[in-house]
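Notes follow once the structure below has been shown.
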Amino acid sequence: MELVVALGLIAFKVALLIAILLLLPLPLTWVERKIAGHIQQRMGPMRVGWHGLLQPVADGIKLLTKEDHIPAEADRFLFKLAPILALAPPFVVFVAIPFGESISVLGHEITLYVSNMNVALLFVFAVIGIEVYGVIFGGWAANSKYAVLGSLRTCAQMISYEIPMGFAVIGVVMLAQSMSLLDIVRAQADVWNIVYQPVGFFVFFVAGLAEAQRIPFDLAEAEGDLGAGFHTEYSGIRFAFFMVSEYAVMLLVSVLSVILFFGGWNGVLIPLPPLLWFVLKVAFFVYLFMWFRFTFPRYRYDQLMAIGWKVLLPLSLANIIITGVAFL
Amino acid sequence: MSHAPDRSGTWIGWAFFADLADGLALTFGYMFSRSVTMQYPDKEKWLPYSRYRGHHFLKRDEEGEIKCVACELCARICPCYCIEVIPYEDEKGNRRPAKFEIDMARCLFCGLCEDACPADAIALGQQYEFSSFSSRDLVVGRDDLLDKPGKATTGGGVVAARLNTEQDVLVETSEPQGYDWWRNIRRT
């Protein structure tokens, strides 16, 4: 009986998580367009619903009813597989991510995470590494020069930025003496990691921007020179999959930044519910992503590689060494 | 807002991305500035200036008679030959247009007809909403031209308006003079 309840609870949590992750991009697209509009002194969507609030729904209906076009020369199997491969890893990663300690519902303590892995951080990085397959397959299967160029760029970019990203969090792991995200947050109860690891956060965040394919590192899409990069040939719901995946990765990088460097659900000064603190911090990072997008121009490809290998990698290595020495 | 200070040669600013911070501060400022979007046709509408060249109209004299003497100068000077005038002699023995048609689909709104007119009978008015599903509907005759609105008396403002689609697509304004659109332009 207890096993059934536990399994049911896990199934419920997973379903809730998937629902949230699938639906969250809807308001996020609205927010992004509103931020874009106001930064450019426009208004953004205004006509569908109050201040355009129903615009994402209209967009969703449009994408669902659009022709699902597959190019004649495309590799049909890979072409259909790629959006799913791009979509699944960001969802899987959230299994390992804690959103808080626990809340009591009807006298039962319910933990706010699906599983507390002792190697959660490693799991996150391993799974998010798989996401690059969706991009490569998508670009390759479409049989279009823009898509191939876009996916080649993405491939090189993701692989080279995953290294500094992985190194950047080692300082955090050293401080917490654990790779469990729950323990990492608990270790920040008094002082957030950003105080000890400013360089680590900087490297992590910049690499995260590159990982999420956001401006100033969105060379995979680079609509000015590549059409739309690896998803040039995608339309309709398959394109929507790539978009949802992009927003999920953006959310993931925000959540990881909060958990690893900004104390997770630990608040400061103002006593708010821990979950609210967590949501507020994540919202700030999501806003930061969008704010960056409409402020900075795109880096050139060689600059991107130079930043990754010549700046971020040495910085992250130095960060590990200094943290280690300080620990001794 | 001031221009970004010159940080060439200061490595501290370079190391802490002062330029990027400047850019972020600028866009953040813009984010909370007023939008310049004119919400036409839902909420606002622009009023033309008095010099605006919109849809043609024909004028009447004090007795309410058409001013046009059907000299056809406007038709001659028109660079796109969109005016067609056929004269006749009315009861008082005056030369008047029996037919005065302007093909608005071909008109380029140069205003030469207005300049050429010796009787001050034709002018380009303030109306600019006359789109149509058929180019045949854009050929406007004499009696319609007499009813068209004249030159704007005020103008250049943005006024509150309402889209009315009951009989035809109309954007109704509710006030005579609006705010200056340029007031929301942010100058740094």
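Positions of Cβ are set from backbone N, Cα and C atoms, glycine also.
According to TrEMBL, the features are:
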BINDING   B:CYS68, B:CYS71, B:CYS74, B:CYS117  [4Fe-4S] cluster 1 binding site
BINDING   B:CYS78, B:CYS107, B:CYS110, B:CYS113  [4Fe-4S] cluster 2 binding site
DOMAIN    B:56-88  domain '4Fe-4S ferredoxin-type'
DOMAIN    B:98-127  domain '4Fe-4S ferredoxin-type'
TRANSMEM  B:12-33  transmembrane segment
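If you compare Cα positions, B:CYS68 ([4Fe-4S] cluster 1 binding site) sits closest to B:CYS113 out of the binding-site residues B:CYS78, B:CYS107, B:CYS110, B:CYS113. Cα separation, B:CYS113 ([4Fe-4S] cluster 2 binding site) to B:CYS71 ([4Fe-4S] cluster 1 binding site), rounded: 12 Å.
When each of the binding-site residues B:CYS71, B:CYS78, B:CYS107, B:CYS113, B:CYS117 is scored by how many other Cβ atoms sit within 10 Å of its Cβ, B:CYS71 comes out lowest. For the pair B:CYS117 ([4Fe-4S] cluster 1 binding site) and B:CYS78 ([4Fe-4S] cluster 2 binding site), the Cα-Cα distance reads 11 Å. Compared over the binding-site residues B:CYS74, B:CYS110, the count of CB atoms lying within 10 A of a residue's CB peaks at B:CYS74.
Secondary structure at B:CYS74 ([4Fe-4S] cluster 1 binding site), taken from DSSP and collapsed to helix, strand or coil, is helix. Apart from B:CYS68, B:CYS71, B:CYS74, B:CYS117, the [4Fe-4S] cluster 1 site neighbourhood in this chain, defined by C-beta within 8 angstroms of the site C-beta centre, holds B:VAL69, B:ALA70, B:GLU72, B:LEU73, B:VAL85, B:CYS113, B:ALA116, B:PRO118, B:ALA119, B:ALA121, B:ILE122. According to its DSSP assignment, B:CYS113 ([4Fe-4S] cluster 2 binding site) is helical.
When Cβ atoms from all protein chains are considered, those within 10 Å of B:CYS68 ([4Fe-4S] cluster 1 binding site) total 25, not counting its own.
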